Amino acid sequence: MEVTGLSAPTVNVFISSSLNSFRSQKRYSRSLTVAEFKCKLQLVVGSPASCMELELYGPDDKFCCKLDQDDALLGSYPVDDGCRIHVIDHSGARLGEYEDISKVEKYEISQEAYEQRQDSIRSFLKRNKLGRFNEEERAQQEAENSQRLIEEEAQASTIPVGSRCEVRTPGQPPRRGTVMYVGLTDFKPGYWIGIRYDEPLGKNDGSVNGKRYFECQAKYGAFVKPSVVTVGDFPEEDYGLDEM
């Protein structure tokens, strides 16, 4: 069978399994590798990714081909809307075993024994260099995070504490206030700007998760990224919140 790439970025398919009697309809990106696709299917059918064999059936439910190349893209197979992907489980589990979790016996294994197993999720991820085992992807992610931090630090350095500012975030009207905090935080990575708004348009009182970064009334404080803050001559506006 000829295998061709399809242009639509996502596809709606039905998922069935040799372990259960129901079908699920899901949407997936064609840019996933088969190995990555198997990892996502774990949450749908319950089978370990390393124990899956995938079969593709057309919208007419006739067998098309096997998805047997872990490094191939899902979109390189003739997968189209309405197709069915059937998961054959080779873990030794029985039909219906994963349908009622109350019947699943708790299984414990030592870390050392788990590391030696070749059919484990961790072994599958290592073998296919997915997730945290993809050194190149992880290094690229770390480089992007470092570059983002450098850019945020440069932006934050132009925003002095005590200055008047205007905050513009997508989907919200401009809000004015005073810069009360500039720097790193414990609640999320990167540089953040603590704002005391002129009106109760914020989310906190200058503290997050029990740690205080600045003082203000409840609902007057907020933390935003430097990129949405403009410092300048922004006098207080009358929002009409005191009118009866």
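Indices start at 1 and increase along the chain as displayed.
Cβ coordinates come from backbone N, Cα and C, glycine included.
Per Swiss-Prot, domain 'CAP-Gly' is recorded for 183-225. The phosphotyrosine annotation in Swiss-Prot covers TYR98. Among the features that Swiss-Prot reports, phosphoserine is placed at SER110. If you look up Swiss-Prot, you'll see LYS219 marked as N6-acetyllysine, on the strength of similarity to another entry.
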Within the predicted model, mean pLDDT of the domain 'CAP-Gly' (183-225): 95
Around the Cβ of the residue listed as 'N6-acetyllysine', the count of other Cβ atoms that are within 10 Å: 14
Secondary structure tally of the domain 'CAP-Gly' (183-225) (DSSP, helix then strand then coil): 0 helix, 18 strand, 25 coil
